[in-house]
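Read through the structure below, which is laid out as C-alpha cells, and then see the notes.
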Amino acid sequence: MASPTTHRWLTIAILAGCSAFGAYATFGTSSQNGLFAAISKAVGTNVKQKSKHFPGGPAPYKLTYTGVAGIDDHLVTLISFFTIILDGPKTQDVVWVTRYLLTQFLAGWILISLEGLRQGNQGRIVSWTGTLGFIFQNLTYTVSVPIYLIIHLLTSPVSSVNPSPATFAIDTQDLFVLPLSITGAFVVPTVMMALPAPAMVSAASHYSWQAAWQIFPVTQSATHKLYKRITAPLSFKHNFHEQLDDIYRAVALLSFAPQTALLAVAATPASLVPELVYRYVPGLTKEVFQHLDLTKAFVPCMPWNSPVYTTLSSKVVSAKGLPELVKLFLQWDVYLGGTALLAWSVFVYSVARPEKSFLSSILPKIAVYTVLGGPVGAATMLLWERDSKARQQAAQPKAIEGVSKKSSRSAGGS
C-alpha cells in the first residue's frame, strides 16, 4: 500500500476531481440542457413579478419570504428547482430515485455533522459544518463537500497518521442533541414540503416549507446550540460510544434500506411480481416495476449526453420534461458528493488502521457496502469500524493499568 503521504495526496486529487467534475455535471450540464434557462424564464430577476411562476407548482405562487429582494429572488430560484421535482409531471423512476437520493444526502450530511463535533476538530475550520451546509445549499453538495474534505485532510488531527483515540471523541450532550436538531431542521421540512398541495397543505405552506428546507444547515446550527442550553442540566446515562453507535446505526439504516429496496425493485421484472405485492404493499404498482430498471435507478446520463429541454418558446414554462433534468442534476450532485465522502473515509480509516491491507481487506468491504448501501453507506461502515477500533485502543491502557495494580496488590500481600 502507498505511504500515508502519497495516499493523502492521491485522495486530495480524487476529491478535487469530484468537485471539478461535479461542477461540470451539475452547473455545466444544466446550463446547456435547458434546465437553468427554463427556471430563469419562469422566475428570473428580469421577469416581471406578476409573470413569475413555478413550473408544475400549485397557484398562488409565493414569491416573498424575507422582504429582502436579493434573498427572496435567490430563494425563489431554489424553490422553483425543487418544485419541478416535487410537483411536475414525472415517471415512477424519477419519484423513486429522488427519494433514494434524498436519503443518501441526509446520511452524508449526518456524517459531516459528526465530523464537526469531534474533539480533535474543535476550534478548526472543519468544525464549521453549518457554514459548509449553507455553502453547499447554494453551490451544490458535489462542489463544496470535496473542498471541505480536502481542508480536513490538510488541517485536522483526525486525518493524521496514527491519530490519538481522543481526537475522535464527541461530547455526549452533542450526540444527544444532534438527532433532535437534524429532525427539526431537515426531516420535518422534508416531510412537509413533500405533502401534496393544495390537497393536504396550502400552496403558500408548500412553498414556505421548501424555503425552510433550503436553510436547514443554518437552522440546525442554531437549534443545536439552543437545545444544548436547554439540556445542560440533564445528566446523560449513556456514554459517548453508545450514543455514537446509535447514530451510526441510524445512518446505516438511511443508507442501506433505501438502496437495497431500490435495487430489489429495479432488478425485478414486472412479470415476476405477484399481484399480492401490488395489493398489500403501499406505493408499489405495476407502473413502478415497468419504469424502474437498474440503469434508470442508478446510472445517470453522461453530462455530454443529457436530454434537452426544448419548449422555451411559450410564455408560461411547461414542467413537462424538466423533472428528468432535475433528477440528472441530483444524481451527479449526490453521487459525486458521496464518492468524495467514501474516498476520504478510506484514507482516514487507513491511517487509523495501518495494519489493514487495501486490496485484501478494505477494497472488498467497499465493494459490498457500496452495492448494498451506496457510497455513503460504505463510508459509514468504515468510519464506524474505525471509531470502534479507537474505542478499543482507548480502553487498553486502562485494562493494562488495572492488571498492574492488581499485580502490585498481590505482590504486596505475599
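Each residue's number is its place along the chain shown, starting with 1.
Just so you know, glycine gets a Cβ as well, placed from its N, Cα and C.
Positions annotated as region 'Disordered' by TrEMBL: 393-414.
Among the features that TrEMBL reports, signal peptide is placed at 1-25.
Here TrEMBL flags 96-114 (among others) as transmembrane segment.
Residues or ranges marked as transmembrane segment by TrEMBL: 135-155 (among others).
Here TrEMBL flags 175-195 (among others) as transmembrane segment.
According to TrEMBL, the transmembrane segment annotation covers 334-352 (among others).
Residues annotated as transmembrane segment in TrEMBL: 358-384 (among others). Note on the transmembrane segment (358-384): residues 1, 104, 107-108, 111, 245, 248, 251-252, 255-256, 259-260, 263, 335, 338-339, 341-342, 344-346, 348-350 of its chain, located 6 or more positions outside it, place their CB under 8 angstroms from a CB of the stretch.
Outside the transmembrane segment (135-155) by six or more residues, the chain places 8, 11-12, 15-16, 18-19, 22-23, 25-27, 74, 78, 105, 108, 112, 115, 121, 124-126, 214-217, 332-337, 340-341, 343-344, 347 with a CB less than 8 A from a CB of the stretch. Within its own chain, the transmembrane segment (96-114) is flanked in space by residues 85, 129, 132-133, 141, 145, 148, 170, 178, 182, 186-187, 190, 220, 244, 247, 250-251, 254-255, 257-259, 262, 265, 288, 292, 296-297, 327, 330-331, 334, 337-338, 341, 374-377, 379-380, 383, which lie at least six positions past its ends and keep a Cβ under 8 Å from the stretch. Sequence-remote contacts of a segment are chain residues at least 6 beyond its ends whose Cβ falls under 8 Å from one of its Cβ atoms, and for the signal peptide (1-25) they are 140, 142-147, 149-150, 153-154, 159, 161, 300, 303, 332-333, 336-337, 339-340, 343-344, 346-347, 350-351, 354, 357-359. Residues 1, 4, 7-8, 11, 14-15, 18-19, 21-22, 25, 101, 104-105, 108, 111-112, 136, 140-142, 145-146, 149, 152-153, 158-163, 300, 358, 362, 366, 370, 374-376, 378-379, 382-383, 385-386, 389-390 of the same chain lie 6 or more positions beyond the ends of the transmembrane segment (334-352) yet place their CB under 8 Å from a CB of it.
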